[in-house]
Amino acid sequence: MALSRAKPDELPRDAVVITEDQALKYQWKIITSWDKIGEVWSLRYTPGILSALAAGTGAYINNHYRTKLRLGGHGRLSTYLPIVAVPAIFTMLAHKFFIQRPILLNPLGECPVCIQMRSAAFQTSLGIVYPTILAPFAAFLFATRCYTYRIPSITENPREVFLLWRKFTRPIVPALGTLIGLQALLTMFLTGQEDKQNFKLMLRMREIEHQVEEEHLPQRMDF
């Protein structure tokens, strides 16, 4: 059965009213059990793809600062968890809740470009900007604690700390700009595919429902 949204006074008498959570669960049941993966691949795999991109970017940024500050094996887990794992998890959750949920529950209820832009903003913020801000702080902290690199005191010489941060960050600025552009474009493309495939899935469900209704209608008899 295809889902549809309507006002209470517009509901047919035999309509089954369900909550948004129930509707979302029903939609996911259809998507995961759909026999043609090519028709629903973006809905299934986009959160995982975006999560992997965020994890890869976080690992790249974290490794850059760790290498510059000669950390070696010091604090490896303590930096990878917040800079690699957390962005990956938050990126997936943000996409599922703020992007996929509106697409599945209210198709055509919002401007497609607006959804794509919002999705790209979440991806670049959580997957690139957040690790870029956190990674140098974590690396500086462990470098000071483990004595792997001489870090000026941030309270006594904040300007020197800033210059050191700029020195280490400048080499990866072009790469970060490229990553932001590529991830934004890929995220917008995948989100557009989600919107398109969900709409086609809804039309297909209505078509199947119409066929079933026709098959169960009593045969017309002409005299």
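Quick reminder: no glycine exception, Cβ is built from N, Cα and C everywhere.
Values in this document were obtained by computation on a predicted structure and should not be read as measured data.
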Membrane-side pairing of H64 with E209, Swiss-Prot annotation: no
Are there residues at least 6 beyond the ends of the transmembrane segment (79-99) whose Cβ is under 8 Å from a Cβ of it, and what are they? 46-48, 50-55, 57-59, 61-62, 66, 71, 115, 118-119, 122-123, 126-127, 130-131, 134-135, 138-139, 142, 191, 194
